């Protein structure tokens with residue numbers, strides 16, 4: 001008997017985080033009697049007077065939204081980090097060296113923003129036009145440039161802008177209205193910091209950027225590519241943890257949104273739409289995920305720019321159907337991450353789907369014929 005990647009347990013290395021993932025493809029055959037999520041039906045109206053993100057409504061802070069017609073950004077009234085707060089009083093004491101060694105603390109300052117993708121309450125990326133997603137990409141870019149300028153000219157404590165979206169109740173999203181968030185901190189958060197560290201080490205050892213080599217390898221092998229265009233490709237990473245996890249990778253070395261050409265902005269909007277349509281079509285549901293952008297820090301140094309390579313991570317939880325999700329528990333919390341479906345199997349399923357026609361649009365077309 002020879003080793004079979006589609007049936008035998010093995011571990012795969014993630015060079016971005018210097019970690020390993022256990023792959024157990026034979027477990028995909030096991031029956032499931034556990035928790036099931038509610039199917040993602042979207043019967044919401046275009047506008048909801050009770051939604052604090054819809055145009056013209058009043059937010060919990062008492063501020064009223066304008067009658068916006070495209071994207072809309074506002075400062076989060078309940079931010080995770082704040083600009084105005086005192087620095088912690090850190091005392092140095094030789095008599096308690098153990099406490100100082102183990103109980104480390106530092107203050108964190110910054111600002112948090114909410115980004116409404118559309119004035120329509122019941123839309124998400126896969127049902128938006130490419131031009132509407134393009135407006136979101138431009139908004140991300142404008143926010144990056146604005147905060148970079150404020151840090152430089154007004155000495156605001158802005159170092160890294162983490163843009164992300166939690167879509168669906170399965171990912172903890174409490175509001176259906178299409179929106180994302182942007183948290184700007186005075187330091188680089190742990191996940192991108194780990195990536196930067198490994199990018200620098202890889203280039204020092206091999207003379208090339210890790211993601212440059214990875215993009216070229218995936219383009220050569222093709223088996224994990226879901227879709228691509230002139231500027232970007234979408235892959236299920238070789239080391240993926242979540243069942244249908246993907247990365248959106250720029251084909252050239254672009255440090256951040258700030259360095260995009262107009263064509264690259266168009267291509268990013270196009271590939272986000274293509275990927276998210278495939279996600280919804282997979283189980284014919286509004287597919288939940290957490291998504292985020294990884295890019296250069298604000299006002300990056302020459303070394304920081306060299307280490308950066310723009311990419312996006314999509315982490316969707318659904319595993320077998322619209323109602324069965326993956327949980328990171330037990331061995332995965334105490335040992336290491338584990339997955340059942342191989343990255344290649346997941347990519348095959350996603351690439352077989354349409355990235356142009358949403359399942360609801362197809363359903364409407366079929367119903368109109370009857």
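A Cβ is built for glycine as well, from the same backbone N, Cα and C atoms used for every other residue.
What Swiss-Prot lists as Zn(2+) binding site is 51, 54, 121, 177, and the listing cites sequence analysis. Take the CB of residue 51 (Zn(2+) binding site) and look out to 10 A: across all protein chains shown you find 17 other CB atoms.
Counting only residues at least six positions away in the same chain, no Cβ atom sits under 8 Å from the Cβ of residue 329 (UDP-alpha-D-glucose binding site). What Swiss-Prot lists as UDP-alpha-D-glucose binding site is 60, 76, 77, 166, 181, 326, 327, 328, 329, 331, 332, and the listing cites similarity to another entry.
Counted within 10 Å of its Cβ, the other Cβ atoms near residue 179 (active site, tele-UMP-histidine intermediate) come to 21, all protein chains included. Residues annotated as active site, tele-UMP-histidine intermediate in Swiss-Prot: 179.
The feature Fe cation binding site is assigned by Swiss-Prot to 195, 294, 311, 313. Residue 195 (Fe cation binding site) falls within a helical segment according to DSSP.
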Discussion item. Are there any residues at least 6 positions away along the chain from residue 313 (Fe cation binding site) with a Cβ closer than 8 Å to its Cβ? List them or say none.
Written reply: 245, 246, 247, 291, 292, 294
Discussion item. Helix, strand or coil by DSSP: which one applies to residue 332 (UDP-alpha-D-glucose binding site)?
Written reply: helix
Item to complete: Among all chains shown, work out which of the binding-site residues 195, 332 has the most CB atoms within 10 A of its CB.
Response: 195
Item to complete: Can you grab the distance from residue 195 (Fe cation binding site) over to residue 332 (UDP-alpha-D-glucose binding site)? Cα atoms, rounded to a whole Å.
Response: 21
Fill in: Close in space, distant in sequence - residue 60 (UDP-alpha-D-glucose binding site), Cβ under 8 Å, 6 or more apart
52, 77, 78
